[in-house]
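Here is the structure we will look at, set down as structure tokens.
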Amino acid sequence: MGNTNWTSVSHFVLLGISTHLEEQIPLFFLFLLMYAINIFGNLAIIMLIISTPHLHTPMYIFLSNLALADICFTSTTVPKMLQNIFSPTKAITYMGCLAQTYFFICFAAMENFLLAVMAYDRYIAICYPFRYPTILTRMLCSQMVILCHILSHLHALLHTFLMGQLIFCADNKILHFFCDLYPLMKISCSSPYLNTLMIHTEGVIVINGTLAFIIASYARIISVVLQIPSAKSKWRAFSTCGSHLTVVAIFYGTLTWVYFRPLTSYSETEGRILTVMYTVVTPMLNPFIYSLRNEDVKGAFRKWVSRIWTSFFR
């Protein structure tokens, strides 16, 4: 660092998605709406699965955990962003920034692992339908969910610890709406080499490893489904996987594009837009993707609404 003067910062300034004043109000209401849809939609999925006995199967246990992870994932960033739109300082404390980074990484990783577990569930259900209840027992499901939590926290702890080792100088303005890894590394006045190295090694293993597992699971599923003689049975098998594949494509597509490239080629504007896709849009769409393409969920939802309507107007 030579003779450069530096001071450790006590807070950061989150500049948000846009710095144009005329865009602040529309952005506030847009993200408030998306956040509300995310919360109510995912809560509805969780309550529906809890209150419907025939949905107490591995597939829906994993789905309810994914819905909970989506709520936590979005709640890590959006409320602070909404507050900052009307804040004159747009500040977040140094420790608050590290905490936000930790939980953001944790719930992103949790969604990543849960998507892999859900792919395994579909693999067993389609490739070994008669052994499905004996393979995916309640105990194994619980162990898999617990393992997802443990791995997610360890992954987040590693990257947050490395972020805490960086030195930040007088420039504390972050061109983002939350404390993301790359924007923080861009304003650091110490070398982020180790941080970048871990993203491109451990991060690639965690994200691309689970993605490879999902692809392998669906390759096996497709080979089995193509051997089914009935066109109706083929369609039913593919339809149970379609919603999951849609979520996988959106989540991994944007995540890979944002993080797995050199820090020097990172664009703040492009990064903010793509980050919105997997931090806000995908969690908001998940309840609709999983419910609109799933007859069991749609049927249970109609009965659930009917029960609520009957009890309310009795």
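Keep in mind that glycine also has a Cβ here, set from the backbone N, Cα and C atoms.
Caution: TrEMBL annotation is automatic and unverified by curators.
As written in TrEMBL, here are the features:
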- 27-50: transmembrane segment (TRANSMEM)
- 41-290: domain 'G-protein coupled receptors family 1 profile' (DOMAIN)
- 102-123: transmembrane segment (TRANSMEM)
- 144-168: transmembrane segment (TRANSMEM)
- 204-226: transmembrane segment (TRANSMEM)
- 238-260: transmembrane segment (TRANSMEM)
- 272-292: transmembrane segment (TRANSMEM)
Which range wins on Cβ pairs under 8 Å with the transmembrane segment (144-168): 27-50, 102-123, 204-226? 102-123
Across the domain 'G-protein coupled receptors family 1 profile' (41-290), the model's average pLDDT, rounded to a whole number, is 88
Is the count of Cβ pairs under 8 Å between the transmembrane segment (102-123) and the transmembrane segment (27-50), pairs 6 or more apart in sequence, 3 or more? no
Tertiary contacts of the transmembrane segment (27-50), defined by C-beta under 8 angstroms and 6+ residue spacing from its ends, are 16-18, 56, 60-61, 63-64, 67-68, 70-71, 74-75, 78-79, 81-82, 85-86, 280-281, 283-284, 286-288, 290-291, 297, 300-301, 304
